[in-house]
Amino acid sequence: MADGSNREYLNLSTGQLVELALARGEGQLTANGALVAKTGERSGRSPNDRFIVKEPSSEADIEWGPVNKPFKADAFTALWNRVEAFLADKDTFVSNLEVGASKEHYQPVKVTTQYAWHQLFARNLFIVPEEFNAADKPVWQIINAPGFECVPERDGTHSDATVIINFAERKVLLAGLKYAGEMKKSMFSVQNFLLPAKGVLPMHCSANVGADGDTTLFFGLSGTGKTTLSADPKRFLIGDDEHGWAPGGVFNIEGGCYAKCIDLSQKNEPVIWDAIRFGTVLENVVTDENRVPDYTNSSLTENTRAAYPLEHIAQRKLDNCGAEPHAVVFLTCDVSGVLPPVSKLTKEQAAYHFLSGYTAKVGSTEMGSTAAIQSTFSTCFGAPFFPRPAGVYAELLMKRIESFGSQVYLVNTGWTGGPHGIGKRFDIPTTRAIVDAIVSGELKDVETEYLEKLNLHVPVAIPGVDSKLLNPINTWEDKVQYAEFAQHLADSFKANFEKYQVPDSIKNAGPNA
């Protein structure tokens, strides 16, 4: 240590961390009691700056490529040491936390941050255990040093900032970036690598449970409605983003929520609205002169966020766990306006659409994404976070669906009646009515209509939903144009799917090009 004047603050409470964050000028208190912090130029994830150390213990199991980029082991050691030296003469904040609400499948993690607000974020999003590391597992370490500037020529990084995961040494290094979401997503990637080896499917999904103990999962990319739809006043929340599905049940990987705030309203999202209070971290939310958050303001970024612990949600499952799911919902945001609002999937179709991960980048969480909306295919509804080959996760999904008998649905939260710019987006009440019917089991044995081009079965009637909306061709004025757009979408699916080596039963389960 340098001159001895620096301090290591260990396991501070929410109140202490907020107090220190304010005293250190890291953020401001808002009118609703939340702490608001700005992240500077990086207001989302930086996929180009994310690496995994290439080393013998994990190398053969990782799908190397543009998502999982290799980093040299000796370069990692040198950079880790440099960052530790950088922090040696600074105050740091440390907590002993866990990732995974499962006695068997948790990972203990020691989180060290340069900023108090980053430590508060970690304590909100990870699990603060009553007894740390009860099973005495080897401990992971995260270091987050936003003040450290990487030098690519010296450090081997892509830019002045980096996120590097080292499986052999159980270390995660974050340097040069303030966007706190990188911390949670790096540990999600860690669990996504570790869990399949134990027969557990890690999932980029939200989960809730009814009064009768029936679990529903919602898969989807950022902005498709995972957080909004799982925050259901009639049900109990397990979690909003990351879960594991083991034989016998599902468990939350996290201890908090990271909700998008853009256009947040008390009317449409009361559960999230009420969770934003003292102890919550608001990221890049603009406030007025009275410190009242303006959730419509996207001047800093579309990707404004609220990070709060699950304790801020009244209706939640206290143990962060649930039974295996009766219903599994794949949320897709279709910008072409072609997909129906809901379809029932066979297990082969479920594997096909899980591997495809078709959706749109709406208010994308990635750096450099503007408000422009484009369609994308993101494997397993979360390609940026899955280190193993996609087939590993698809196989596990089919296994779990089959052994429990879960029914899978494809729900379009995007456009109808025309593409983005011409058609209109399904409103939240319509999607909620569809989800209510799924959750109650009403759609399990309902009469369906077959859409040949899309190779999908759609219900002919759903309580509380205008039947005209159910078959998308009925919402388009120009039926010829609909057929053209449907053909184009089917071709896109087919072209994207060519990279997968899977049985014909899965290959043929997609749209008919």
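Cβ coordinates are placed from backbone N, Cα and C, and glycine is handled just like the others.
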Per Swiss-Prot, LYS185, HIS204, GLY220, LEU221, SER222, GLY223, THR224, GLY225, LYS226, THR227, THR228, ARG305, THR431 bind ATP; matching candidate in GLU153, GLU269, GLU395: GLU269
Coarse DSSP state, helix versus strand versus coil, of TYR179 (substrate binding site): coil
Length of the line joining the Cα atoms of ASP241 (Mn(2+) binding site) and ARG305 (substrate binding site), in Å: 13
Number of other Cβ atoms within 10 Å of the Cβ of ARG305 (substrate binding site) across all protein chains: 24
C-alpha spacing of LYS185 (substrate binding site) relative to THR224 (ATP binding site), in angstrom: 18
From binding-site residues ARG45, TYR179, LYS185, HIS204, ARG305, the one whose Cα lies nearest GLY220 (ATP binding site): HIS204
